[in-house]
Amino acid sequence: MASKLKKALTRLVDAAKHLNIDPIILERWASPKATTHARLTIQMDDGSHKHFPALRCRYDDTRGPTKGGIRYHPSVTADEVETLALLMTVKCAVVDLPFGGGKGGVQIDPHPLSKTELERLARGYVRCFAHVIGPNRDIPAPDVNTNATTMAWMADEYASIVGEWTPTVTTGKPISLGGSLGRDDATARGGYYLLQFLAKDLGFTPGARAAIQGFGNAGSHMAQLLESAGYKIVAVSDSKGAIRCPAGLDIKKLNAAKERNGGVTSFASSDGVSRIAADELVSVDCDLLVLAALEDMVHAGNAANVKAPIILELANGPITLEADEILKNRGVVILPDILANAGGVAVSHFEWVQNRQGDRWLIEDIHARLKTKMEEEGAAIWACAKDKNITLRSAAYVHALSRLVDAIEAKGT
Ligand SMILES: NC(=O)C1=CN([C@@H]2O[C@H](COP(=O)(O)OP(=O)(O)OC[C@H]3O[C@@H](n4cnc5c(N)ncnc54)[C@H](OP(=O)(O)O)[C@@H]3O)[C@@H](O)[C@H]2O)C=CC1
Ligand SMILES: O=C(O)CCC(=O)C(=O)O
């Protein structure tokens, strides 16, 4: 079976056909610039030691320091991290950030770990990769199962290694440590601004019914934003299962239930809310399907069951190549990950700039800048898709690739 990376690269190669690109230039993206592996050892609270495979990939730094999150998940492999780092390279070019693409991960299920074990894990990660990351080299951020607290521990450990507080080494930090206002909901908000902006072109009525897969940072903030804008959230899921409520879920109450009990299914005892099978989430009758969990969740086996006419990808790579084709033939419009979830890294960039300036921007400024970015890049990609009669995903790749190639040609290498 082809690796995830090989499959992901076909999207880049297809996009290149729409541009007059020298194949030699394309070859440089066939593999990452560097992937560093480590064995991460942590002491558990009972005094024992456990070892976990850990990685950091710097895929490409043509346009600037590599940038991308760190995830903790049992499925983390080099292939997965490199694929996600390739996506970061393309994503940063899509929204014109002065960054290349990177990603990191630890192969671990962090859920059973105590807070002190999680702190040792984060600090251990930085000790493994302090020679790889750096404020002008490679800048981590949160991803699946990591958050602002993780970034605080990592920045603090980096400071103790280099001997000075260096806030620009991670983004997505707590506000009290130089984190940016608006980074917490930025991934969802960027996708939300894009959706509102394209609604008319998409023939989509804002305030419709949405189903959301994944109820972590990206998914739960999206649920809140959509609910506040009058949408009905008719189904949600997390790693433990899915629930449905045709009349619309009360997101505030759902958040409280998830926080108390650790899963959205604990809300199934509330009025009008029923439990459904996890995979049923993608086939719920709705107007908008938001994918905010993991890769490959919509695949050849379930793509034909999708009822929503529009899919917003907040997750990275949630739709396989095969499913993409099925959905395209069925006329389902996909707002692709490399554009739709770029709000997270865009506000990470704002954080990095604020830290370099020693300044803090107002939330209104951050929202306005993010909105402008999503609308400008969204409009360009929409126009490219119409002009070339291609999908929004292909258009986003074309848009990014032309910026990447311009940068390479400007360097003359
Ligand atoms: N955080 C960010 O800034 C950005 C994130 N992304 C992408 O968004 C996606 C989600 O990331 P994020 O929200 O940060 O991560 P979180 O860890 O905060 O949330 C992930 C969510 O997905 C759920 N989940 C895991 N497995 C499944 C499954 N099989 N079915 C349904 N739900 C599942 C988790 O469940 P549970 O709650 O039970 O653990 C959790 O609710 C990822 O693809 C990530 O790469 C993209 C851009 C930026
Ligand atoms: O905020 C960042 O730097 C990166 C976020 C990320 O990992 C992603 O966009 O997938």
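Numbering starts at 1 and runs along the chain as displayed.
Using N, Cα and C of the backbone, Cβ positions are placed for all residues, glycine too.
So that you can see what the record holds, here are the features copied from TrEMBL:
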BINDING   Lys67, Lys91, Ser348  substrate binding site
ACT_SITE  Lys103  active site, proton donor
SITE      Asp143  site 'Important for catalysis'
BINDING   Thr187, Asn217  NAD(+) binding site
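Close to Asp143 (site 'Important for catalysis'), meaning Cα to Cα within 10 A, are the following recorded positions out of Lys91, Lys103, Asn217: Lys103, Asn217.
Cβ neighbour count for Thr187 (NAD(+) binding site): 29 (other Cβ atoms within 10 Å of its Cβ, all protein chains included). Ranking the recorded positions Lys67, Lys91, Lys103, Asn217 by how many other Cβ atoms lie within 10 angstroms of each Cβ puts Asn217 at the bottom. Checking the recorded positions Lys67, Lys91, Asp143, Thr187, Asn217 against ligand 1, the ones with a C-beta less than 6 Å from an atom of that molecule are Asp143, Thr187, Asn217. Ser348 (substrate binding site) sits 10 Å from Thr187 (NAD(+) binding site), counting Cα to Cα.
The two recorded residues, Thr187 (NAD(+) binding site) and the residue listed as 'active site, proton donor', show a Cα separation of 16 Å.
The secondary structure of the residue listed as 'active site, proton donor', as reduced to three states from DSSP, is extended strand.
Ligand 2 lies under 6 Å from the Cβ of Ser348, out of the binding-site residues Thr187, Asn217, Ser348.
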